[in-house]
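**Q** Got a structure here, written out as structure tokens. Questions coming.
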Amino acid sequence: MSEKKINLLDLDRKGLRALFTEMGEKPFRADQLMKWIYHFGVSDFDEMNNINKALRAKLNARCEIVAPEISSFQKSEDGTIKFAINVGQGQEVETVYIPEDDRATLCVSSQVGCALECTFCSTAQQGFNRNLTVSEIIGQVWRVADFIGFVKETGERPITNVVMMGMGEPLLNLKNVIPAMDIMLDDFGFSLSKRRVTVSTSGVVPALDKLGDALDVALAVSIHAPNDELRDVLVPVNKKYPLEEFLGGIRRYIAKSNANRGRVTVEYVMLDHINDSTDQAHELAKLMKDTPCKINLIPFNPYPGSPYGRSSNSRIDRFSKVLMEYGLTVIVRKTRGDDIDAACGQLAGDIRDRTKRLAKKRMQDSQISVTIN
């Protein structure tokens, strides 16, 4: 049996340099290779004309450049494109491309499903199968960039921002998320500014501390409730890492980070008559008073079987005005791609659930309804 080839998309620059050294080659060859892969979108070693023929033969024998394939895509009326990405064994994750006048953002998945059980999120209802590998994470960026079109003459890439806000909790897959983000930031990789790469978390505090020690990228935090009682229901990881502990981790991250410019983005999904009252707005403002932040209010995006509804524009407006009375910066997120189920909280993919989440959910639906009313 032939030896399995090394997928070079699984290696950041440090890993590639180590591989080239082990092959008896100069480490700078790794830099050349990365430029071909990430600047020009080349996956065929024989097209890399500044790499000598002997080294190309070695690479062909031992290595490969393989990104997961796009199974299908849907385009929204607003230009948003949702991609189904095949990660093997009949499973798919979803990746969303959001073009705007001054930027093009890609929302990337980190897991097949999600191990957390946020009750308003479609991904969470599908259960969890496994973590994505480095090549499956960075491969989403590479594959979509290839679909939209690398400008091979200049090395210009069609993606300016990446947000780790797709399927999964990124901080539960740090082993692979950190090297993937390293490649996004690397000058020989996708060469994105650290302020243009954002990782989102629901509050896995020990992993947040580890991330802060390893990497400096923008941070978005999923709060969604102004107190522990409600957050225990909406974001059950709160039972393990309650709000005060989470806020402490956020403040420690901000203290280490330059990418956040001294403040963090707070994500708060607006659920009709659940977390959107003016009293809850006052409570949220007081909760966040010692944490430098801007607050992103996200109108809830319904999905089939969801127990929640979207807050009305008038309730969102009142909630926003209360927060601004406290001097907080507030943004109401514009919904993108909801007509193709590509908006925040709607990603589902195709998952072989290892947690039996769907069966358990059916038993719990009525209990959740009683708890939140």
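Glycine is no exception: its Cβ is also placed from the backbone N, Cα and C atoms.
Feature list, courtesy of Swiss-Prot:
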ACT_SITE  E94  active site, proton acceptor
ACT_SITE  C344  active site, S-methylcysteine intermediate
BINDING   C114, C118, C121  [4Fe-4S] cluster binding site
BINDING   G168, E169, S200, S222, I223, H224, N301  S-adenosyl-L-methionine binding site
DISULFID  C107-C344  disulfide bond
DOMAIN    100-339  domain 'Radical SAM core'
**Q** How big is the Cα-to-Cα gap, in Å, between I223 (S-adenosyl-L-methionine binding site) and C107 (disulfide bond)?
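**A** Cα-Cα, rounded: 19 Å.
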**Q** Can you give me the Cα-Cα distance between E169 (S-adenosyl-L-methionine binding site) and C114 ([4Fe-4S] cluster binding site) in Å, rounded to a whole number?
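**A** So the Cα of C114 ([4Fe-4S] cluster binding site) lies 6 Å away from that of E169 (S-adenosyl-L-methionine binding site).
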**Q** Give the distance between the Cα atoms of G168 (S-adenosyl-L-methionine binding site) and C114 ([4Fe-4S] cluster binding site), rounded to the nearest whole Å.
**A** 4
**Q** Identify which of the binding-site residues C118, C121 has its Cβ surrounded by the largest number of other Cβ atoms within 10 Å, counting every protein chain shown.
**A** C121
**Q** Report the nearest neighbour of H224 (S-adenosyl-L-methionine binding site) in space among the recorded positions E94, C107, C114, C121, comparing Cα positions.
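**A** Closest by Cα distance to H224 (S-adenosyl-L-methionine binding site) among the recorded positions E94, C107, C114, C121: C121.
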**Q** In Å, how large is the greatest distance between any two Cα atoms among G168, E169, S200, S222, I223, H224, N301, the listed binders of S-adenosyl-L-methionine?
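**A** Answer in Å: the longest Cα-Cα distance is 19.
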**Q** Far apart in sequence but close in space: which same-chain residues, 6 or more away, have a Cβ under 8 Å from S200 (S-adenosyl-L-methionine binding site)?
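**A** Residues satisfying the criterion: V163, M164, M165, P170, L219, A220, V221, S222, E267.
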**Q** Going along the chain, which residues six or more apart from C107 (disulfide bond) have their CB under 8 A from its CB?
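**A** Long-range Cβ contacts: T95, V96, Y97, I98, V163, M165, G166.
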**Q** I'd like to confirm something. Which of the recorded positions, E94, C114, C118, has a Cα closest to the Cα of N301 (S-adenosyl-L-methionine binding site)?
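**A** That would be C118, the closest of E94, C114, C118 to N301 (S-adenosyl-L-methionine binding site).
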